[in-house]
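For reference, the structure discussed in these notes is given below.
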């Protein structure tokens with residue numbers, strides 16, 4: 001199966017999961033990225049079961065609205081039973097690197113409110129040690145050079161994310177992203193805390209302190225479920 005076929009497989013599995021596990025009338029948490037987009041497409045078939053959705057990005061909000069979902073502001077919501085999102089890498093503990101799509105801060109906020117985080121990914125995303133995928137760090141623009149120096153002191157090689165047109169990439173929050181390569185992440189929780197404490201960092205794309213509760217992994221043999 002191709003990577004796209006595996007993504008579609010886990011997206012449908014996640015739609016089946018929320019149909020079974022999320023009570024009618026509840027609010028659904030929705031992530032960002034190519035796999036999350038396929039989940040939105042799949043879950044739209046029974047969108048009327050839900051009171052609405054909280055989205056982690058402007059892009060996901062647009063896609064949800066195109067399908068007729070009511071998109072709610074997180075400040076209006078007290079409870080999100082399940083948040084569904086992809087990952088750039090995930091390890092055996094359920095810790096993840098996220099933020100390749102630039103929505104790491106809002107993803108982390110919505111995930112922190114959710115009762116369960118369901119990660120959907122193809123088999124290539126499950127790794128023994130994270131760090132091959134560059135670690136995104138969202139940074140206040142005025143602090144980008146200072147943060148880059150401190151991240152380099154931790155052993156990383158930070159690079160400012162750029163748009164295809166050569167301009168500096170900006171998040172939905174108006175900040176910049178440093179993509180940090182060269183890290184072998186053997187202590188995800190410790191590194192998440194260390195980077196988050198650097199002044200000027202909004203958040204790092206390590207989801208270890210609040211990792212996944214369920215992994216739906218697309219493989220050639222079908223969808224494998226892991227509970228953490």
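Backbone N, Cα and C define each Cβ position, glycine as well.
Swiss-Prot lists 32, 33, 34, 35, 85, 86, 87, 88, 98, 99, 100, 101 as substrate-binding residues, and of the candidates 125, 164, 170 the one it assigns to that same site is 125. Residue with the densest Cβ environment among the binding-site residues 98, 125: 98, by other Cβ atoms within 10 Å.
Just so you know, the Cβ of residue 87 (substrate binding site) picks up 30 other Cβ atoms within 10 Å once every protein chain is counted. For residue 32 (substrate binding site), other Cβ atoms within 10 Å of its Cβ number 29.
Taken residue by residue with DSSP, residue 100 (substrate binding site) is part of neither helix nor strand, so it is coil.
A straight line from the CA of residue 125 (substrate binding site) to the CA of residue 107 (active site, proton acceptor) spans 18 Å.
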